[in-house]
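Before any comments, here is the structure.
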Amino acid sequence: MKILAVTSCPTGIAHTYMAAEALQIAAKELGVDIKVETRGSVGAENEITNEDIKGAHAVILAVDTKVDEERFSGLPIVKASVKDAIKDAKGLIQRAMAMEKKEYVDKVFEAKKESKEKITGAYKHLMTGVSYMIPFVVAGGILIALSFMFGIKAFEEKGTLAAALMDIGGGGAFSLMVPILAGFIAFSIADRPGLVPGMVGGVLAGKLGAGFLGGIIAGFAAGYVVAWLKKVIKLPKTMEGLMPVLILPLLSTLIVGLGMIYIIGGPVAAINNAMANWLKNMSGGSAITLGIILGLMMAFDMGGPVNKAAYTFAVSTLAAGQPSMIMAAVMAAGMTPPLGVALATLIAKDKFTEEEREAGKAAFFLGISFITEGAIPFAAADPFRIIPSIMVGSAVTAALSMAFKCTLAVPHGGIFVLPIPNAVGGLFLYTIAIIIGTLVTGFMISALKPKR
Amino acid sequence: MDIKMMFSKERVSFDLKARTKEEAIDELIEMLYKDGKLKDKESFKRAVLKREEEFSTGIGMGIAIPHGKDSSVVEPCITFGVSKNGIDFDSMDGKPAHIFFLISVPEDAADTHLHILSFISRKLMHEDVRQKLFNAKDFEDVINAFN
């Protein structure tokens, strides 16, 4: 009979290891095979593998910190504190031994689940990054929206509350969004050493204008670079202490940073220029075609380089407060992505996690405020279904806005500008265009997303 | 594994005067401070007491391992003390603690040090190691208890 155990305490200096040793001593006395994973300040050691879980009878969690229980799903779990393990390790092991092993049918089901999890390993890393990013998007987005409530340009006045809110939301929370996404993707792949190159790569993605898609690339690159470095660098025992504090962070950050600047940075800049020129040439052609293209661009990377190109182009058409059809189409197309995902979380509840459904409510608020970033957590978690859906919705909205000849005289503001006199030309039809785009995106996501 | 690097003759007392938990912690911190391994007594004491609040580090069997992670610590080390009369340390088994290991760790400790601390923590769970510690008469005995 084999028992697994995880020990972990808040400081991770002493109790984690005492509990582990106590369990090992008790197991020896009882003649039970045990494997104890310690999660202390050095990180996870003697890690439990899927192989271990398959062959185990039960698992003891002697922890005073939060540990991932999901990976043991299927195994009976004995929950305890490190204190319990130090005081009465024997009792814990006996309790674990007395646990009922799951039925055969369950095991088959678990095996299936496991193979599915293996395929979607990258998906797991992505989701880790996304779940850490969501609160940043929500907090930052709502603070920016609050700033707009004082007036669309209120934040430009230095020293006002509106300026402070914009600083906190935009300069603070939003600027951390991509670094956090990239950092925790890398963290999920390579544990603690992944965080540094991931976050630095994320910051560079932002600086280079590569947006959240650049951040995802940075995160995965950082994670796998660290994992690779860990494998290839062999140090004498006495120097091992240098690995986590000096060697891994330094080398991985250097590699990821250079990669971002020289491999990702160049093409991104070239694409940005090419798009700007191309849009300039397009503006002579059919208004509806231009609307479709701008809509697709606005939704493609939500605040990334493609989106920025479309937005900057639109702002440039706002010559001295002159209302612009292009500006109207672009703002509408930037509102529907978060609105569409928010709608999808309502009509297809069972296809989203609890966390995502909550984020959906925030996304609605961000959508009406023309903060396209509100859809990023959803797009990052499931890019191949979400991004096409929001692109189609935004294209429809922008094309309709052009067809209806709606105009906009301000560069930002979402629904807060709608009541301002003369800000929007063709208000009713403009609203219709936004609603239709939202419906398109919402229903398309609902149809494409698989059941969980 | 070089356990010796965590201990020092300057940080060992076989006759703690303290009568209460807090006095014991103070007395151990004083030794640590005098040995130059601590920049700020108060700051480190706060870290230790904060840890005690979570649950007592009196692990029972007569042993207590108060510890703290704080930027005031110069380098990871252990201060060792014995109380002949025993001190009530809110231990898990309710019995007084006689043997004290005050573990001090800076915020950015290297893994080598943390590995040694985890090794020592593990050793304390062994009956024979504890027996040797209870019988220790001098610094060498303490070190040898772990070998």
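We count from 1, first residue shown onward.
Heads up, the Cβ atoms here are built off N, Cα and C, so glycines get one too.
Record features, source TrEMBL:
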type	residues	note
DOMAIN	A:1-98	domain 'PTS EIIB type-2'
DOMAIN	A:122-452	domain 'PTS EIIC type-2'
TRANSMEM	A:132-152	transmembrane segment
TRANSMEM	A:164-190	transmembrane segment
TRANSMEM	A:210-229	transmembrane segment
TRANSMEM	A:241-264	transmembrane segment
TRANSMEM	A:284-304	transmembrane segment
TRANSMEM	A:325-347	transmembrane segment
TRANSMEM	A:359-379	transmembrane segment
TRANSMEM	A:424-448	transmembrane segment
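Averaged across the domain 'PTS EIIB type-2' (A:1-98), pLDDT for the predicted model comes to 86. Using DSSP to sort the residues of the domain 'PTS EIIB type-2' (A:1-98) gives these counts of helix, strand and coil: 41 helix, 28 strand, 29 coil. Non-local neighbours of the transmembrane segment (A:284-304) in the same chain are 209-214, 275, 310-311, 313-314, 325-326, 329-330, 333-334, 336-337, 372-373, 375-376, 379, 387, 390-391, 393-403, 437; each lies 6+ residues outside the stretch with a CB under 8 Å from one of its CB atoms.
Counting only same-chain residues 6+ beyond the ends of the transmembrane segment (A:359-379), those with a CB under 8 A from a CB of the stretch are 130, 133-134, 137-138, 140-142, 144-145, 148, 174, 177, 212, 298-299, 302-303, 307, 331, 334-342, 344-346, 352, 386-387, 390, 412-416, 438.
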